[in-house]
Every structure is written in structure tokens, then in C-alpha cells.
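Student: These came from TrEMBL, pasted as-is:
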ACT_SITE  A:ASP53  active site, nucleophile
BINDING   A:TYR112  substrate binding site
DOMAIN    A:9-103  domain 'Pseudouridine synthase I TruA alpha/beta'
DOMAIN    A:145-247  domain 'Pseudouridine synthase I TruA alpha/beta'
Protein chains: 2
Amino acid sequence: MPLYALTLEYDGGPFVGWQRQENGLSVQQVLEEAAAKLNDGVLPASIAAGRTDAGVHAEGQVAQLTLARDLPPERLREALNFHTRPYPVSVVRAALAPEGWNARFAAVQRGYRYRILNRRARPALDAGRVWHVQHPLDAAAMHAAAQGLLGKHDFSAYRAAACQAKSALRTLDRLEVARLGDEVVITAEARSFLHHQIRNLVGTLVEVGFGRRGVEWPRRVLDSRDRTKAGQTAPAEALTFLFVRYEVEPEWR
Amino acid sequence: MPLYALTLEYDGGPFVGWQRQENGLSVQQVLEEAAAKLNDGVLPASIAAGRTDAGVHAEGQVAQLTLARDLPPERLREALNFHTRPYPVSVVRAALAPEGWNARFAAVQRGYRYRILNRRARPALDAGRVWHVQHPLDAAAMHAAAQGLLGKHDFSAYRAAACQAKSALRTLDRLEVARLGDEVVITAEARSFLHHQIRNLVGTLVEVGFGRRGVEWPRRVLDSRDRTKAGQTAPAEALTFLFVRYEVEPEWR
């Protein structure tokens, strides 16, 4: 039974998130039901590199899928893109996975982008893709504050109450804040993230951007390990899962 | 009666285009009906720098509007953004227009962007914003071909049958084709464009990108002045009106 790797793009708007849930349609369900049509009706179980929340988008989510049939990766990609219609889920690349590969546990780096539209006027073109923040943000101060969070730390202060990870120790490799015209774009990279970690980091950095808190504050919040100290959880719809990297990269088609 | 200048962002998807029409909702109607609420119910007549087609988006359309009331531009912008809800039309900037200014006739430069998604997989995140072209495009060849079209020419071969301009003489200042990952992005700048000019240019350059036609062909089509010779009219939804420049720029707020 061949194991396939898939790179997925999706609009998180209409979904309850990656993971199957009772209360609505998930990306996982759309993918598995499309795959079942190529698998004699049998629903295959898929695993994703990141279980994105409701509303979170993906340009480069990676998932795995075992099928009973041997299909060239190009054909699997095309067939899945036929059967995932009309949902905004697209298989950008497919590969036969290397021996022992796992989409989630073999990942060595994950990247996300968070977009803030920082102007008075509400978004017309990017509604559902940005967090609309009307008060001016000092992106340079946010960036300076972010640099104090890099490295290996206990990120308990920035994890969700519902986070299921055993340890809150994570190594944050990159947290950059840059202004691009009316947008403030935050880029985050780590081997793995805690539940809501990026959205809690963004919600905290924004307090610095407003000038309500100093550049040192997000680090003090980190050191407190107390999640009641951090800023708000920033909205999901402005977050996009960009990429996953593996030690042994599948041969993407 | 003060004359106002407005910079507009809109998603062209739900509209029949900028201009009022019998058969559906236009951006102009949304704007004028919002303005009427600030004008004792009287519908003011607006004029736009570019009458974008159905489906065409704008990041920087400019329109003018005369109101009976004197309002600070900031307040006008905020009030219009309240009353244009829930439509995807947003007033990004507003200004009191300089003496004798006209949104359409005072414009000295207009800029557009056309986005082609050039990969096998259909778009999930950018559906309605890109032209999905599955066959690989040679962007460098398209760019080379585009350079042969710059300057002042009779663009009859690239205008729509319905084009109402008296003369087809236009000066094309910039037509750049660049590959950005899976995207081929075309940027066009001129003082003014003919109806469908950019979409016909893109549809013609794509023939070069496929290798079906040589780099010299779009120029030969131009010289023929025969619009039956050009390629297809590329889809509207991938086109965005980026900016308008004026000799005397309004004092934007």
C-alpha cells in the first residue's frame, strides 16, 4: 500500500479547520472523501504536518495518505483536484513518500505568515485574509520586541489553554515583523509551534506596536510562563501556513 | 458645492463593473447610494478615472463626487466606508479636489496588474483573482515580445469592438512580464488605455509564452491594426487597476 505526500493549498474560510469535527466541514474530510473515490470507496486516514485552526489558510500544508492503489503522483494530484471540487482545496504537489516518512513527525521546519492591514479603511480586496487594525502600528518596535523571543524557551505564556502538547518547550527560529505599505507582515518559523502560539505572539506584539507596552514586555510575558499575561489571540483568518521542510524531502511532482 | 477626490479599493467579483447598468449592481451605484446618505438623500453623480469591466478589481481607482455639504475629507472617507457596507468597496483615501480637477481627464498615468497562475493545480486561495493557465509559459519570451509594443502606436488591433474612443492612438509606457514562482505577473502603464487593451495584449502575449508564436508576432499584430489578428481577450477577474497619477495630486487624507 503506497504512502503519498501531498502539498495542499486551501482557503480556511469555509472550514472548521484541518481536523475532522462533528460540527462542520474540515479540510481533512474534503481530502479524504476525494481520495476515497480513487480507493474503491474506502476512506483513507490522512495526517497533516499542522492541524490548522478554523479560518487559517494554507499555501503549503503537507499531508500524507495511504492508498490501496499504486498511482503515479502526477495522476493522483490531478484526480484529487478533480474530486475536491468545488471546495477551495487544491493539491499543488504530490509524491511517493520516502520509506518511514511521516508528514507530521518527520517535519523539521514550519513557516507561517500573519498579515495585518493597518489603515483606517476596512479591507475590500483582502477581507477574510487580513486582521484589520485601524490604530497605527510601530512595526520596527514590534520587530525589536520579537527578537527577544527567539531561541529555545518554555512558551507556556503563549499557548492555548486547550493545547495538548506535553511540553511547552519550543525553539523559535524566526519572528520578523515588516511594514509593506499599509500592511504589517509577521513571518514565523520553528520546528513546531504550540496551539495558538503564533496568534498569541501577534496579539502580544500588537500591544508594543500601539505603544501601550514597551519593547521588553513580550519577553517578560514569556519568562512569566503565565498565559493570562499575554495579549489577545489575534484572529485566525489572517494566518497562512506557508511551508513545511523535511530532512528527506519527498520527490515532488 | 465642494468637489471630492476618492481613492477606491474594490473586489470586482460581485459587480457588473464600475459603470451603472440596468442588468446589475455596479461599483458606481454602491458609491453614489452611500454618498446620497450624506447628501440629504440626493444622489450625486460620480466620475471615475477608469471604467473597469465586470470582474476587474481595483486597489487604486480614483473617483470624484460633488456634495452639497462641506465635510472634512477624513470624515467623508469614514462615513462612506460605513455606508458602502456590506459591499466590498472601500474608500482608502479622500481629498478636497484642487480647482478644475477631474478624476478622469486630469489623469496623466494609469497602472494595472494582470496575474496568471501558471501551474497544473487550480487556484484555491486566489480563485477569482488570477487567470489559471496550466500549460507552462515562457515569461522571458513574453517580456521580450512586450518590449516591441512600447511607445506611441495605433492600437486598433488590441481594442474591443465596442471601444468608444475616437482615436486608437495610445502611448504604452510600460509592459513588463515577470515570473514570481508559479505566477506570471504583467504590469502595464500608460496615460490611458483603450477598452480591453490590456486583456487583449495579455491574450496575445500568452501565445508567445506557449511557444505557438514568435517574439516578433505581437508587434506584427499591432502593425496590422486588425483586431481579428490578436489573441483572445484574457479573463477580467485577473486584472487589477493599481493607481492613477495626476499633474496636481489631491491632498489625500
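From the backbone N, Cα and C atoms, a Cβ is placed for every residue, glycine too.
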Student: Report the same-chain neighbours of the residue listed as 'substrate binding site': residues 6+ apart in sequence with Cβ closer than 8 Å to its Cβ, ordered by sequence.
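Tutor: In sequence order, A:THR187, A:ALA188, A:GLU189, A:PHE193, A:ILE198, A:LEU239, A:THR240, A:PHE241, A:LEU242 meet the Cβ cut-off.
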Student: Just to confirm: which same-chain residues, 6+ apart in sequence, have a Cβ under 8 Å from the Cβ of the residue listed as 'active site, nucleophile'?
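Tutor: Counting only residues 6 or more apart in sequence, the Cβ neighbours of the residue listed as 'active site, nucleophile' under 8 Å are A:GLY12, A:GLY17, A:HIS196, A:ARG199, A:ALA236, A:LEU239.
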Student: Please list, for the domain 'Pseudouridine synthase I TruA alpha/beta' (A:145-247), how many residues fall into helix, strand and coil according to DSSP.
Tutor: 30 helix, 32 strand, 41 coil
Student: Using DSSP, what is the helix/strand/coil residue split across the domain 'Pseudouridine synthase I TruA alpha/beta' (A:9-103)?
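Tutor: Result for the domain 'Pseudouridine synthase I TruA alpha/beta' (A:9-103), in helix, strand, coil order: 21 helix, 27 strand, 47 coil.
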Student: Summarise the model confidence on the domain 'Pseudouridine synthase I TruA alpha/beta' (A:145-247) as a single mean pLDDT, whole number.
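Tutor: Here the predicted model's pLDDT, averaged over the domain 'Pseudouridine synthase I TruA alpha/beta' (A:145-247), is 97.
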